[in-house]
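Pulled from TrEMBL, these are the features on record:
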ACT_SITE  Ser67  active site, phosphoserine intermediate
BINDING   Ser67, Asp284, Asp286, Asp288  Mg(2+) binding site
BINDING   Glu390, Ala391, Asn392, Arg521, Pro522, Ser523, Gly524, Thr525, Arg530  substrate binding site
DOMAIN    182-291  domain 'Phosphoacetylglucosamine mutase AMG1'
DOMAIN    307-460  domain 'Phosphoacetylglucosamine mutase AMG1'
DOMAIN    491-549  domain 'Alpha-D-phosphohexomutase C-terminal'
Amino acid sequence: MNEEQVSLLLKSAALFPPPHGVKLSYGTAGFRADASLLQSAVFRVGILAALRSFKTQSVIGLMITASHNKVTDNGVKVADPNGGMLSQDWEPFADKLVNASTPQLLVSFIVEFIKKENIQLVGKLSAEVWLGRDTRPSGESLIEVAKEGINSIIGAAVLDFGVLTTPQLHWMIRARSKGWKATEQNYFEQLSSSFRCLMDLTPNGIKVNVEDDKLIVDGANGVGGEKLEILNSMLNNLAIEVRNCGNDRGILNEGVGADYVQKEKLIPRGFGSKDVGKRCASLDGDADRLVYFSVLSDLSNEVDLVDGDKILSLFAIFVTEQLSILYKGADPETHSSYQARVGVVQTAYANGASTDYLKQSSGLEVVLTPTGVKFLHEKAALYDIGIYFEANGHGTILFSDGFLSWLEAKNNELASISEGSEEQKAAMRLLAVSRLINQAVGDALSGLLLVESILQYKGWSVHKWAGLYEDLPSRQLKVKVVDRTAVVTENAQTVVVRPLGIQDAIIAETAKYPRGRSFIRPSGTEDVIRVYAEASTQEAVDNLANSVAMLVDRYLGYGSS
C-alpha cells in the first residue's frame, strides 16, 4: 500500500472514531446496533466493500438496514457478486476492521489483510460498490458515511440507488454479475412478467373462493409497502390492498410486520374485524421476510398464522408436482440422465409437524443446518432445486445452472414436438418460477407473487393452505448463564457435546412427553442459552421447556459455579 493511500485512510478514519466500550460482531445481519453507534462501523464496512470489489473484480453491494428491528436501530451488510451474503472467510476481517481502536491499528489490519489476500490496489484495476438503504431516518446520513469509507480507497467508485428493499439490492448485484440488466426497474419487470407467465399457465376452470379474491398486505411501515405499490401497478391479474405503507405516520415495525405477526400471532395495526377470514400477508421492515395470516374472529386480535414452514411446504408441493408432470409418460432413458435432485433445508427451529409432512406426505429429502440464513443458503445450493425457509418467513428457492440449462433445452424440445402439452407447460412453469423467485436471498415481494400464483393454480384458499398440517405446540425460552461459549453443539445445533451430561439429561426429560423434542444452543450475541421445545399439547411443551431450562441453569447458570 503506497503512502498516498495510507495517508488518506488515516485522515478519513480519524473522522469516525469507534464508540468507546462497544464491540460489534458481523453476523447473518451484518453489523447491527442503535444507529447512533454505527458511524464508525459503516465507514469501515465501506472500506471492506471496496477491498472486496478489488479482490473479486466485481461489483459489491452495501445495504444500510436493520430489517425487522425497531426504528432507532440500523445496520450495515455486504452483498457478494453472486448476490449472496459476504463470504464467511471475510467475516473475521470485518470484525477486526470495525473494532480496531485507532486509525493506525485499522491501517495495520488492512495492510496485513491485503497482503494475505493478494489484493492489488495499484495499476488499472478499479472497484465499484452499489449502495441501498431502507426507510429509517438514520439511513440517509449513514449512506454518506459509507461513501466516505469507499472513497478512502483510491480507485473505488460508488453508485447510490437510494431507497431499496434489501432483496432488491441483492438481486441487482447478482444480475450485474451475470451480465443482465440490473436496475430497480429491471427487477420490477422481471417479477411482473414471470408472475403473468405463471398466472397464464393456470389450468382452465380453477377458481378460488370469492372471499379470497383480494390479498391484503401489511407493509410494516417500511420500504416493502411502497415498493409493492409500484409492483402492484404493473400487475393486472391480482388484486392487492397495501396497508401500513409508512405514509400515515405509522412507526416502522412497531405493532406491524412479519416478525411481529409471526412471533406474537396477533393482527398488525390497521387490521381488524372487517378482515375476518380474508387472505392477508405481512412483510418485514426491509421486505426480506414474508408470512401469511387470516384474522380469526371479530372477538379477538389473534391470527391463524401461515408461517415460513408452510410457505416452504407450498413451494415444495408445487415444484415436485411440476417435475412429476414433466417426467410423466416420458421414456425413462430420455430423462434419466438428469433426474433433478430436490432438497428441502430447515433449521431445528422448524416445527416438527412441517418436517414430518415434508418427509412423509411429500417424500422429500429434508436436511437441517445451524440457525442462520447463510447456512441454509449454502446447503440449498448443493441441490438441483434447493428450497429453504425459516419459520420467520425468510427463504427462497435455488436452481442449479445445470438443471436450468437442461430445463431450457427440454422446453425447446417439447415446444417443437408437443407445444401446449402438459409436459411443456410444466417446463414453462418451472422456468417462470426460476425467474420470479429471488435466487440471491429471501425476498418478500417475489415470494408473495409466487405464493399467489400457486394458490391460484391449486385453487386453494388461505384456509386450505393453512390446514396442510397442524403445528405442534412449541415454546422458546432463554436462560442467563455465566459463559454461553461453554455450550458446544453439533448436528445442526441439536446435540450438546459440552458440557458433558446435559445432553443425556435433555434426552431423558424429552422422553417423558408424547412427540417431545427439545434442544439448546448458545445465543450469538448475549450470555444466554436458548431453549426450544415441542410436544403434543401446550401444557406438555410448557413443562418440557421449563424442565430443560432448569437443567441449563443447573449446569451453566450463576448458581452452577
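Glycine is no exception: its Cβ is also placed from the backbone N, Cα and C atoms.
In TrEMBL, annotation is done automatically, which means it is predicted and not curated.
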Lowest local Cβ density among Pro522, Gly524, which the record lists as binding-site residues, within 10 Å: Gly524
Within 10 A of the CB of Asp284 (Mg(2+) binding site), the number of other CB atoms across every chain shown is 33
If you count other Cβ atoms within 10 Å of each one's Cβ, which of the recorded positions Ser67, Asn392 has the most? Ser67
Any idea what the Cα distance is from the residue listed as 'active site, phosphoserine intermediate' over to Asn392 (substrate binding site), rounded to a whole Å? 12
Asp284, Asp286, Asp288 filtered to the binding-site residues whose C-alpha is within 10 Å of Arg530 (substrate binding site): none
What whole-number Å value do you get for the CA-CA distance of Gly524 (substrate binding site) and Asp288 (Mg(2+) binding site)? 21
Asp286, Glu390: which of these binding-site residues has the highest Cβ count within 10 Å of its own Cβ? Asp286
Helix, strand and coil residue totals from DSSP for the domain 'Phosphoacetylglucosamine mutase AMG1' (182-291) stand at 40 helix, 19 strand, 51 coil
